[in-house]
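Q: What follows is a single structure, and I will ask about it in a moment.
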């Protein structure tokens, strides 16, 4: 909850006209409804004692009394407000102390101005009585001013709950500007990791109002309108606004006076060392959807990170009486922490085979998303030597390494390409290699043929790379598994960036994503356009191998390859023979991860093989 110092600050200047220029204390603000009448009554003429106050609730005057004509006003009384006149327009629920004090002073002056008023009860204005002497509500908000619970210097303490673990959290607000819909501060969490018992980050917040909408305007944050709606909908306070979220004029009407404020908090760097960007076991790359209660000071938050898993939805609610809880700037994922610790242990032992359970990832990835991928401008710029060090054209000597480290030496483009080249070109590509079962089975069958696995999923690619490194270390004396490698790539976009024309002799498409929905068929790895790219990369006589356990997808692939003039289907006799094609088909059926799963489940496998035509006819010349 906010500290006391945050609540006792200098009042705004607009309140300095009340009783000596000071804002009245809470006791003065919460006077009974006749508080102003008591202050303005005159002493009784008989005993000199102050007259008794009017009751808090007086009956409504009879209609005859209200209908009686007003008496003529004497000149001293001409400034007094007519008691029977009703104030037009909406009555303000929250009168400022200045207006209350000024009106009360006017009544006192008017009462003293007339000599007859000493023996006559001062007229009671029912409308003015309600307007001037009504008790202040328990909460009030000032336009263009932050809530008393959300102001510079406010501190909030609470817990973050993440995967059944709780961490102590503290937030300090440093600056609030409601006119600019902006705030900033520090978030501190304790007990997050063993290496860092306490972590503090600097964050900045966007307040939903006349400047920022409910929809995130930062593409680099990874959110979109659909994600925003899903996350905001988890706050009960958002439901009344959900149907107006697209109409900014309705959402922002008197937004500072609402009970709830909605914000987005984004962490930017650690304090005090702002140069630290990543911490093992924690991440602050995402941002938070925040719902702040201006009456109680309670905060609810939901974390979102574009690359996070299901644990990205972490809501924190206040508990206890006045304790304020807040979410932490650091989101902890125990599974991720275990994965990173395990991978760190593998770095110390190159021969240890990786465990697949630490590299799990969802089975599908959107090929049309803007992934953070590294790809060469052209095949000649590809760094093949780093993937196949045993096939490097030129291994740098110690003297050359020192020369490269010299900043004054600027290698030419030809020198750079020579350093990245290998003695033999890659001839086999496994597109969508998965966990690399096909690569590991083909490596001993074709020991002198460089093969490349291409996978779009990050964790799966890391598993294949770590396993290749371990197998190379275990078979160092025989130099086995030096002919296989793996990289992360999206072949639907960048296949020609890796391979030159007629470079490959085989392409494998093993158990691709079926994309059952018709509107998703455009994401299938086989199409007439992609088949043209495969024909470009394959040498004449090269082979495309396809296998799936989905009959509809099998018919789709067969139909598109047969419709392409650059391919012809390989007959069943060759698939069951003893040549290279039959060997590859047998390995493709039994050694891939999906192939083993289909065998265990007793499913059916559909195989189709197509050969690149040596001299395909031009369209229209058939």
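Yeah, the Cβs are placed from backbone N, Cα and C, and that goes for glycine too.
Any TrEMBL annotation is an automated prediction that lacks curation.
The annotation active site is assigned in TrEMBL to 513. Here TrEMBL flags 432, 455, 456, 490, 491, 510, 592, 593, 594 as S-adenosyl-L-methionine binding site. If you look up TrEMBL, you'll see 1-107, 137-164, 395-419 marked as region 'Disordered'.
Map the listed features onto the structure and describe their local environment.
A: Cβ-based neighbour count (10 Å, all protein chains) for residue 513 (active site) stands at 18.
Of all Cβ atoms in the shown protein chains, 25 besides its own fall within 10 Å of the Cβ of residue 592 (S-adenosyl-L-methionine binding site).
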Q: How big is the gap, in Å, between the Cα of residue 456 (S-adenosyl-L-methionine binding site) and that of residue 513 (active site), rounded to a whole number?
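A: It is 12 Å, counting Cα to Cα.
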Q: Quick one: Cα separation, residue 592 (S-adenosyl-L-methionine binding site) versus residue 513 (active site), in Å?
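A: Residue 592 (S-adenosyl-L-methionine binding site) and residue 513 (active site) have their Cα atoms 15 Å apart.
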Q: For residue 594 (S-adenosyl-L-methionine binding site) and residue 513 (active site), what Cα-Cα distance in Å is obtained after rounding to a whole number?
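A: A Cα-Cα distance of 11 Å.
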Q: In whole Å, note down how far the CA of residue 432 (S-adenosyl-L-methionine binding site) lies from the CA of residue 513 (active site).
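A: Here the two Cα atoms are 9 Å apart.
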Q: Enumerate same-chain residues with a sequence separation of six or more from residue 491 (S-adenosyl-L-methionine binding site) and a Cβ-Cβ distance below 8 A; give 'none' if the list is empty.
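A: Spatial neighbours, sequence-distant, of residue 491 (S-adenosyl-L-methionine binding site): 431, 432, 454, 525.
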